[in-house]
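Chemist: Quick one: structure below, then a few questions.
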Amino acid sequence: MTALHRGDIRTARRVVVKVGSSSISGENAERIGPIVVALAAAHGRGTEVVLVSSGAIATGMPFLLLDERPSDLATQQAAAAVGQNVLIYRYQEALRPFRIVAGQVLLTAGDLENPMHRSNARRAMERLLGLRILPIVNENDTVATHEIRFGDNDRLAALVGQLIGADALILLSDIDCLYTRPPDEPGAVPIDEVAYGDDMHGFEFGSVVVNSVGTGGAATKVSAARLAAASGIGVLVTSADLVAAALEGDEVGTWFRPNPLPSAAPATGPIRTAVDTLGG
Ligand code: GLU
């Protein structure tokens, strides 16, 4: 098997796209439309597309009359419960003109570790994809809180990619690519590509960001990208504005080259980072 290149995303069989809360909630809710156009184009080319979307908490906030993200876990979970169905409704409305049906899949990292749950989830996802339905995955926030606390679904997206044997994972955010240090700092240089096994020594990705709508940031993306790349999935980190170009295989974002021999990947070791450890 030859390792996937960025340009091969266009013809990849199976692609997971992850979109974060800030890209699709609040005043950015209207950006669901263009993102769905890009997903529908890839679906129309025959690619099996899985969307991992957060944004349930942020979408639910106005329905609970909250101006800002709640700080306590119970209210975050309540907001997620309210926001999740609104979010799925918005995606389905945007998909309707393309005659694509969405399937909601709520998972926890624990589900993907439990052999029985994992095999059930994989079977369901395979059937959904076989039926040409577009699965939309989020963390099951009423029973799990890893992604609320650390990473806005970045890690979940990598685990879903592993579950279904995806060829590529596209992690979308508000920034066009990763930089050698926080992009607002002087001397920050864009990172075009990361070789498999590169420990990225000397780069600064900051800590986990918690803002008014979600959690995440470059550190959780790097952690998730390395986790997926270790299992042979090519990973592109770019902005939600560039999702169409990313799915076309254009030279955008930061490309993490996949492990060319994924079965030889260590189960633990270099792919675990401080972010993973925090979640443990
Ligand atoms: N699953 C959560 C959501 O959809 C995670 C995002 C967050 O941390 O706000 O809202």
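The backbone N, Cα and C atoms fix where each Cβ goes, and this holds for glycine too.
What TrEMBL records for this protein is below:
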DOMAIN    14-239  domain 'Aspartate/glutamate/uridylate kinase'
BINDING   Lys18, Ser173, Asp174  ATP binding site
BINDING   Ser54, Asp141, Asn153  substrate binding site
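Walk me through the surroundings of each of these features.
Modeler: The secondary structure of Ser173 (ATP binding site), as reduced to three states from DSSP, is extended strand.
According to DSSP, Ser54 (substrate binding site) is assigned to coil rather than to any helix or strand.
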Chemist: Which binding-site residues out of Lys18, Ser54, Asp141, Ser173, Asp174 lie by ligand 1, going by a Cβ under 6 Å?
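Modeler: With ligand 1 as the reference and 6 Å as the Cβ limit, the list reads Ser54, Asp141.
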Chemist: Give me the largest Cα to Cα distance among Lys18, Ser173, Asp174, the residues the record lists as binding ATP, in Å as a whole number.
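Modeler: The widest Cα-Cα gap among those binding residues is 12 Å.
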Chemist: Pick from Asn153, Ser173: which of these binding-site residues has the biggest number of other Cβ atoms within 10 Å of its Cβ?
Modeler: Asn153
